[in-house]
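Database features (Swiss-Prot):
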type	residues	note
REGION	1-56	region 'Disordered'
LIPID	Gly2	N-myristoyl glycine
COMPBIAS	7-19	compositional bias 'Basic and acidic residues'
COMPBIAS	26-40	compositional bias 'Polar residues'
DOMAIN	147-244	domain 'SH2'
DOMAIN	266-519	domain 'Protein kinase'
BINDING	Leu272, Gly273, Gln274, Gly275, Cys276, Phe277, Gly278, Glu279, Val280, Lys294	ATP binding site
ACT_SITE	Asp385	active site, proton acceptor
MOD_RES	Tyr415	phosphotyrosine
Amino acid sequence: MGATKSKPREGGPRSRSLDIAEGSHQPFTSLSASQTPSKSLDSHRPSGQPFGGNCDLTPFGGVNFSDTITSPQRTGPLAGGVTTFVALYDYESRTETDLSFRKGERLQIVNNTEGDWWLARSLSSGQTGYIPSNYVAPSDSIQAEEWYLGKITRREAERLLLSLENPRGTFLVRESETTKGAYCLSVSDYDASRGLNVKHYKIRKLDSGGFYITSRTQFSSLQQLVAYYSKHADGLCHRLTAVCPTAKPQTQGLSKDAWEIPRDSLRLELKLGQGCFGEVWMGTWNGTTRVAIKTLKPGTMSPEAFLQEAQVMKKLRHEKLVQLYAVVSEEPIYIVTEYMSKGSLLDFLKGEMGRYLRLPQLVDMAAQIASGMAYVERMNYVHRDLRAANILVGENLVCKVADFGLARLIEDNEYTARQGAKFPIKWTAPEAALYGRFTIKSDVWSFGILLTELTTKGRVPYPGMVNREVLDQVERGYRMPCPPDCPESLHDLMFQCWRKDPEERPTFEYLQAFLEDYFTATEPQYQPGDNL
């Protein structure tokens, strides 16, 4: 089907089938030849105005946002004069200037100076319009292969492959995290002792340009390697049976130039939550695109200050941060973000699904949050209100950090007094609660409290204690005891987050690495290829 400027429809996740050309599977037989995280320098933005907010609901309600696993960004600036790209997904236009296209369609890039949205012409229909740059890849490149997911982590690969719907032998190819220029083949497996698990095989490059997992079987391209192992296990845990499914990625923004948008372009459809400072709605932008909309009560924050902060927030882009799409900057302020289907982590933990979560899932969710916060740390930003109510959950237990930075702008007296009823004392580091010193290290303290929310399935921290009592006791050195059924190693991690001296608390980089490796510290990084 050719490209059109038709009325968009919501598209679902793409399903992937193994489609390998005949004759491409023959190898050629030439026979030529736990990471310790570094402690980053923590810097922070000026603490600015004190914040707070301690109602049962998050300041913006217990919300719901995007329900997709973000597919990795697989395209970049055009190199070597390449202007012909292939579509990785279907895309339906959202505005009159967008171009609809179908997966597999070939597109000529007219102008790629527009950042996230490129002007392109369909080679099948001849029509021209803007396309999301992360929905296409250079024709005939490795990035255009369905099974190639680029720069995703080992843990993210396992998260995708361990879906119960995947048959044994489901696979993907990604960049190696440990060896520059090498790749990794990740394959789902099953055995009676371990149940579902994932095996990782390093794909090495030959000086001559070929590829191999074991030196006795070599290939001229990754496509040949995948085709061969789809027919022969030849020492792998299983032959390759199906490409790992992923969902469409979020576009970077709603469309080209859609940032400050008119209020009447939004339709509020279903109220999802209500908090101290506003409401959260599921809605539609421009009649085409599902979004979440936060409506702030007039007087909650200065529109000018919000717009200035939002310009910074929209530049924060990470697969574990809820994406800020657009704003209505006149009061009542609207904040438009990606929509996630499972609501806030707090509601999720306390709800029906919470009872089925076991330690591996809880640790994985914590690792995802730490990953998003490690990015915030690298960007020298501060969240200021990190807790389960401000984490959002999508399909497949995907977690994303929301509401970063907004707390600094709130002007409500009960929020800014730091002792008021709306201030989240129980999550706040003592130096922030007492003196307004909000840094990435006070976020680390809050993360330790969030870990107790995870391990207790949403219990309020410091049970039986009121805010004033918590502040007094913490100042005297009190720390929460180990929650029931929580491993001592996790409780020790919480204690590290609650050290009195902020500089002695771990970095989010360290927390991410610790949690991602929590169950894999004794496993080899890769299966031994030359023993196949």
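Just so you know, the numbers here start at 1 and follow the chain as drawn.
Just so it is clear, glycine is given a Cβ too, placed from its N, Cα and C backbone atoms.
Counted over every protein chain shown, other Cβ atoms within 10 Å are most numerous around Val280 among the binding-site residues Leu272, Val280. Look at the domain 'SH2' (147-244): DSSP puts its residues at 18 helix, 38 strand, 42 coil. Gly278 (ATP binding site) has a Cβ environment of 22 other Cβ atoms inside 10 Å. Cβ-based neighbour count (10 Å, all protein chains) for Asp385 (active site, proton acceptor) stands at 26. DSSP assigns Gly278 (ATP binding site) to a strand. The distance from the Cα of Gln274 (ATP binding site) to the Cα of the residue listed as 'active site, proton acceptor' comes to 17 Å. Around Gln274 (ATP binding site), a 10 Å sphere centred on its CB holds 15 further CB atoms from the protein chains shown. Over the domain 'SH2' (147-244) the predicted model carries a mean pLDDT of 92. The DSSP secondary structure for Asp385 (active site, proton acceptor) is coil. Gly278 (ATP binding site) and Asp385 (active site, proton acceptor) are 16 Å apart (CA-CA, integer value).
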